[in-house]
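Asks: Next up is a structure, given as structure tokens.
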């Protein structure tokens with residue numbers, strides 16, 4: 001009897017709390033998010049297929065050259081593994097790169113060759129189409145992570161932000177190791193319990209999956225440890241079974257992934273190479289990465305990451321403030337802060353001044369907060385709409401949400417299309433042209449009189465012809481070939497021609513062509529094709545076009 005009386009009293013207290021708006025809820029989440037998690041109205045399959053279709057279209061629209069690593073540190077290495085020819089840059093001689101990432105594309109190349117589909121057109125398009133599958137997985141898990149944290153209202157707008165952001169459209173489908181790292185980060189964060197609130201617990205045993213994915217991301221890119229140290233410290237702080245976490249999960253899983261990676265690298269390097277250690281020595285202990293350019297400490301905050309987020313920035317900031325979900329916003333600040341301490345930010349000798357792909361893994365996290373902000377606008381708009389319907393039959397003015405969407409699309413779509421279809425496309429067009437000419441037997445050998453790694457190489461040409469580019473490996477004291485050429489193109493070309501086996505084709509930028517016109521004519525070369533490259537200069541003088549010269553008697 002007493003028990004039933006107590007139950008009725010508790011019910012009446014809860015009813016009064018609800019009426020007074022004082023029901024207990026998570027301090028960082030809205031009313032809708034504090035409710036028990038509902039199932040998503042969209043199945044994972046539907047979300048994935050939608051994203052896959054979008055990313056495949058995205059892959060086909062990429063016609064431009066962004067950064068050499070897309071080709072030279074992934075596809076070029078994979079082409080060498082699969083077909084026996086391709087250039088390995090100095091990083092592979094130093095043992096600071098793992099074969100884990102290129103191996104995926106090497107297996108894909110082998111499959112294409114087995115099916116006799118390794119034509120010039122397929123070799124150009126297929127790698128980015130393969131990458132689109134990984135990108136779609138990243139999109140799916142951004143949706144799932146957002147749903148797990150904030151519910152469907154935020155998840156759908158977070159996915160919209162991811163698909164609409166110009167830099168994700170520009171970079172995510174390129175064959176960088178950073179792109180795969182970003183996907184692994186999104187999938188891994190979904191499985192880490194420490195990232196979630198106490199109301200939205202991760203599935204049982206998911207931490208092991210999170211650890212495996214984190215280890216894999218670090219194996220592909222050792223700098224991914226910056227992200228996972230933060231997440232691991234969160235987990236160490238929040239978990240009650242710290243010893244189990246460290247000795248039963250972290251060390252065994254990390255050792256297995258590291259062991260598999262080391263075995264693969266042992267097979268490919270033909271000697272024992274510990275890539276993470278070599279990477280640490282070169283980039284951090286000896287500051288070797290600074291050779292490729294440095295910026296001031298605030299560059300990521302004031303320029304780099306700001307350009308990546310672009311017009312989503314105010315929505316990201318508003319979402320961080322409104323959600324008060326400091327775990328994820330703290331991760332963004334942690335990653336940007338640590339990378340800001342490092343001098344090397346990939347600018348010098350790069351193909352684009354907006355090359356901040358190192359922090360690409362935290363861009364989707366920022367876009368989750370943009371989705372939170374847009375969802376808040378939608379919620380406010382629906383509430384205001386219900387009030388106005390009673391007094392006004394029709395509202396001619398667009399809502400705040402509609403204005404926000406229009407603003408974001410109007411600013412990001414032109415940027416995405418310009419950067420993917422127009423800016424710096426000459427490097428890709430020239431190599432696409434040469435690959436087709438080589439397939440017809442019209443190209444015998446090629447020399448690139450231009451800054452090093454300014455175009456794709458054997459992975460696009462897909463023909464075992466002699467090719468020569470100007471080296472730019474880090475050197476102490478004496479300037480590299482590429483630097484000497486840029487300082488005095490004519491003198492360098494004259495000395496270079498004394499020892500060359502004269503090529504059938506020469507490729508160069510119009511900015512150097514002006515100086516070398518007489519040299520080219522005197523050596524019996526004539527212009528055969530000119531490809532538009534860029535409207536404005538990036539980190540050097542304006543390189544408006546890429547020009548292909550051929551021997552007159554070839």
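We number each residue from 1, going along the chain as drawn.
For all residues, glycine too, the Cβ spot is worked out from N, Cα and C.
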Asks: From the ranges 106-126, 127-147, 211-231, 274-294, pick the one that TrEMBL records as transmembrane segment.
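Replies: Among 106-126, 127-147, 211-231, 274-294, the range TrEMBL annotates as transmembrane segment is 211-231.
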Asks: Could you check which of 46-66, 67-87, 298-318, 382-402 is flagged in TrEMBL as transmembrane segment?
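Replies: Result: 298-318 is the stretch TrEMBL calls transmembrane segment.
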Asks: Between the candidate ranges 4-22, 23-41, 403-421, where does TrEMBL place the transmembrane segment annotation?
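Replies: Here TrEMBL associates transmembrane segment with the stretch 403-421.
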Asks: Apart from its near flanks, which chain residues at least 6 from the ends of the transmembrane segment (163-191) lie with a Cβ under 8 angstroms of it?
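Replies: Result: 51, 54-55, 58-59, 62, 66-67, 69-71, 73-75, 101, 105, 127-128, 131-132, 134-135, 137-139, 141-142, 144-145, 148, 202-203, 206-207, 209-210, 213-214, 216-217, 220-221, 224, 227-228, 231, 307-310, 312, 354, 357-358, 360-361, 363-365, 367, 408-409, 412-413, 415-416, 419-420.
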Asks: Would you say the transmembrane segment (243-264) and the transmembrane segment (358-377) are touching, if the rule is that at least three C-beta pairs must lie under 8 angstroms and be 6 or more residues apart?
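Replies: Per Cβ check, the transmembrane segment (358-377) does not touch the transmembrane segment (243-264).
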Asks: Thinking of Cβ pairs under 8 Å, which stretch from 243-264, 298-318, 325-342 has the most of them with the transmembrane segment (403-421)?
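Replies: So the stretch in question is 298-318.
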